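Let me begin by presenting the structure, written as structure tokens, before commenting on it.
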Amino acid sequence: MRNRRNIFLIGPMGAGKTTVGRLLARALGMEFWDSDKEIERRTGVTVPMIFEYEGEAGFRRRESEVIADLTGKERIVLATGGGSVLAAENREHLAARGLVIYLQCSVQKQLERTHKDMNRPLLQTENPRQRLEELLRVRDPIYRELADYVVDTGQHSSRSAVRRIINAYEKSGTRLRTE
């Protein structure tokens, strides 16, 4: 049976998953988790260091372990890494264990939000825009297929996104807030 009390945020880097996730968890009295931060906590090193020493495959393996663990929790909001949806096992855990929200935004908005962040290994390239466009081309169909709801964070504030998520979910017949 699907656990509709967890909320999992998916989407590209810079879409606001961590920011919206923290606000959403606070509004709902739920626990917030960020899969990338949990990977760093468990390994004691940064995501860029994992990419450097283990490559993307090593990082994705660690990410799958963390997602399997975290999605087994109750009443959490989880901000996932942008590429977490690439692994079938991650998609299965997310779909079966909670409500999946796709936070989407334009490549331009992603660039504005991430251009100074050196902790984005996939953007350490000569042409970050082209890289983001490539990632979106591959991942957007996966995000859309997996998502229960899609919320555009490029045109609205984080607080507005939180309100839209809560309203959409409550219209589906389940109350999220703890009274």
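The backbone N, Cα and C atoms fix where each Cβ goes, and this holds for glycine too.
Since we're looking at a predicted model, the values are computed, not measured.
Going by Swiss-Prot, these are the annotated features:
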- Gly14, Ala15, Gly16, Lys17, Thr18, Thr19, Arg120: ATP binding site (BINDING)
- Thr18: Mg(2+) binding site (BINDING)
- Asp36, Arg60, Gly82, Arg139: substrate binding site (BINDING)
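Shown here: features listed in Swiss-Prot, placed on the structure.
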residue : record                 : DSSP class
Gly14   : ATP binding site       : coil
Thr19   : ATP binding site       : helix
Asp36   : substrate binding site : helix
Arg60   : substrate binding site : helix
Gly82   : substrate binding site : coil
Arg139  : substrate binding site : helix
Fewest-neighbour residue among binding-site residues, criterion Cβ within 10 Å, set Lys17, Arg60: Arg60
In sequence order, the binding-site residues (Asp36, Arg60, Gly82, Arg139) whose C-alpha falls within 10 A of Gly14 (ATP binding site): Gly82
Other CB atoms within 10 A, centred on Gly16 (ATP binding site): 25
Position of peak Cβ density within 10 Å, selected from the binding-site residues Thr18, Thr19: Thr19
Of Ala15, Gly16, Lys17, Thr18, Thr19, i.e. the binding-site residues, those within 10 Å of Gly82 (substrate binding site) when Cα atoms are compared: Ala15, Lys17
Binding-site residues: Gly82, Arg139 - member with fewest neighbouring CB atoms within 10 Å: Arg139
Rounded Cα separation (Å) that holds between Asp36 (substrate binding site) and Thr18 (ATP binding site): 10
For the substrate site built from Asp36, Arg60, Gly82, Arg139, further residues of that chain with CB within 8 A of the site's CB center: Met13, Glu63, Thr80, Gly81, Gly83, Ser84, Val85, Leu86
Distant-in-sequence Cβ neighbours of Ala15 (ATP binding site), under 8 Å, six or more positions away: Gly82, Leu103, Gln104, Cys105, Gln110, Thr153, Gly154
Distance from Gly16 (ATP binding site) back to Arg139 (substrate binding site), taken between C-alpha atoms, in Å: 16
Site diameter for substrate, Å, by largest Cα distance between Asp36, Arg60, Gly82, Arg139: 18
Other CB atoms within 10 A, centred on Asp36 (substrate binding site): 22
Number of Cβ atoms other than its own within 10 Å, given for Gly14 (ATP binding site): 24
